[in-house]
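Asks: Before anything else, here's the structure in question.
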Amino acid sequence: MGEVVKVNSSPSTLQPEIKPTPPVISPPPFQHHSPSLTRSPLLDTIPKSPFVGRIMTPLASPMKKAFSTMQGYLEEVGHLTRLNPQEAWLPITESRNGNAYYAAFHTLSSGIGVQALVLPLAFAYLGGWSWGIISLSLAFVWQLYTLWLLIQLHESVAGTRYSRYLQLSMAAFGEKKGKLLVLFPTMYLSGGTCVTLIMIGGETMKILFYQIACGTQSCNINPLTTVEWYLVFTCSAVVLAQLPNLNSIAGVSLIGAITAIAYCTIIWVVSVVKGRPMGISYGPPPLEVNSDVARLCTALNGLGIIAFAFRGHNLVLEIQGTMPSSVKHPSRLPMWKGVKFSYLIIAMCLFPLAIGGYWAYGSLIPTNGGMQTALYKYHRNDTLKVILGLTSLLVVINCLTSFQIYAMPVFDNLESRYTANMNKPCPRWLRTGFRVFFGSLAFFISVALPFLPSLAGLIGGIALPVTAAYPCFMWMMIKKPAKYSGMWCLNLVLGCLGMVLSVMLVFGAAWSIVALGIEAHFFKPQSLYRDIWPMSMSPRIH
């Protein structure tokens, strides 16, 4: 097949004529990592001439080269991906070799975190077992359904993959309205979560290294302040954030998922085994303002905490954007497989944590830190120091790993502005500068606004449309189901209900803050565990 035999006038002489080697066709730089270079599903459907591949004619080689040059273009159409060099320059879509395992790792890392430790407090705010379990179950099913909608919408338009939540919103609602509705909540979720992780991770580092690891009686070193521990955590997170793209942190997300599952399980198991403290009750927590409005706003605050526990929808399209896709192998199949597995694990963590935590502590659950604070407060004397230290270490590692996946959309947004203006990839030094800048900004906010963890209900209310409402409306705008059909009615009802709940949650959380008050210490971060570890145990607890 690789040579043509030339027949001379002398029948006894056959001289092989070597076919010249065709020139190597190099793809553009942005296609070097494209799945089209390894798989061509559409070429299998092109009818082949019976002469091509059987008889080498002078036309065979040009035809073969023509098919080869068409392969990249046809494959990109088959992948429903429009050729855009900027996509290959940005952290989220720089690498498209993800799979169902990577999707499960990222989804677990973003779906389980320290926000789940406050779920028993939501049960207390909602008034007991019944409403707590019903609300948690409905929220779980609701957000799983909207996850499915987002996964289906990722490649809903031929020629385009919506690899970012903002892109899908702009396609559904228009450029201006899409940015107005989505840009602030998604960036607020990413940035606000990173700020909260700095606070909790820094505080837990302090507990791990001074109150648990060595104890103030045996350690003669001068302990760091809370601000200094925030700085230690931020520097560690920024160093880890130098990994280039979303696919490169798959191993980091795996570690984060394992640590989250481990410390959630340890905390609720120890809390249940050790028994309930004295004076426990299962009614709503005592309120300074005993009125119907106060009870309603407290219940809404509990719903906001549940909504905040199910954050992570602003990362689903980004995770799916790291996968290859073709007509035969669309990315929605491995993505949905990874999401189903990860949310099975999430349910096995969140439900025992919420139910077991509420059984163990009832209305005594602390408002700051939730189950982690309760474990230190009620069981630090009858629990092995090794268990307390292991729990704290797992929380620190999980905060460091979760910081990476929630900061990635911010990194991507910063670099997209540079690449759009300069029309070239972001240099390594500038990429590092962007990430150091974001870490410094998050550290500044954590020091300036140390009361942000107390606003879990408010944050959940603001972020609720991203999880519960916008995916339903985007499905209606893009897919355009038949009016009054089942999908049309379901998405309309869920979308409107999500928006109403969001407004009510924000109102309830704001009313609770105004009526009941909040400890707002600007630029004076205080330890979340100041009521657990007396001042005499640490001379510089602040």
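One-based numbering along the chain as shown.
Cβ from N, Cα, C; glycine included.
Annotations for this protein, taken from TrEMBL, read as follows:
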type	residues	note
REGION	1-37	region 'Disordered'
COMPBIAS	19-30	compositional bias 'Pro residues'
DOMAIN	97-506	domain 'Amino acid transporter transmembrane'
TRANSMEM	100-123	transmembrane segment
TRANSMEM	129-151	transmembrane segment
TRANSMEM	180-200	transmembrane segment
TRANSMEM	250-273	transmembrane segment
TRANSMEM	341-361	transmembrane segment
TRANSMEM	386-411	transmembrane segment
TRANSMEM	432-452	transmembrane segment
TRANSMEM	458-478	transmembrane segment
TRANSMEM	490-518	transmembrane segment
Asks: Let me check one thing: do the transmembrane segment (100-123) and the transmembrane segment (458-478) come into contact, meaning three or more Cβ pairs under 8 Å with sequence separation of at least 6?
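Replies: No, these stretches are not in contact.
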Asks: Using a cut-off of under 8 Å between C-beta atoms, tell me which stretch among 129-151, 180-200, 250-273, 432-452 contacts the transmembrane segment (458-478) the most.
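Replies: Against the transmembrane segment (458-478), the leading stretch is 180-200.
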Asks: Among 180-200, 250-273, 341-361, 490-518, which stretch has the most Cβ pairs under 8 Å to the transmembrane segment (129-151)?
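Replies: Between the stretches 180-200, 250-273, 341-361, 490-518, 341-361 has the largest tally.
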Asks: Might you confirm whether the transmembrane segment (432-452) is in contact with the transmembrane segment (386-411), defined here as three or more C-beta pairs under 8 A between residues 6 or more apart in sequence?
Replies: yes
Asks: List, by number or range, the same-chain residues at least 6 past the transmembrane segment (490-518) whose CB is under 8 A from its CB atoms?
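Replies: 142, 145-146, 149, 287-289, 293-294, 296-301, 303-304, 307, 451, 454-455, 457-458, 460-462, 464-465, 467-470, 472-473, 475-476, 481.
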Asks: Using a Cβ cut-off of under 8 Å, list the residues of the same chain at least 6 residues beyond the transmembrane segment (341-361) that approach it.
Replies: 100, 103-104, 107-108, 111-112, 116-117, 119-120, 122-124, 129, 132-133, 136, 140, 144, 147, 257, 260-261, 264-265, 267-269, 271-272, 274-277, 280, 282, 309, 370-371, 374, 378
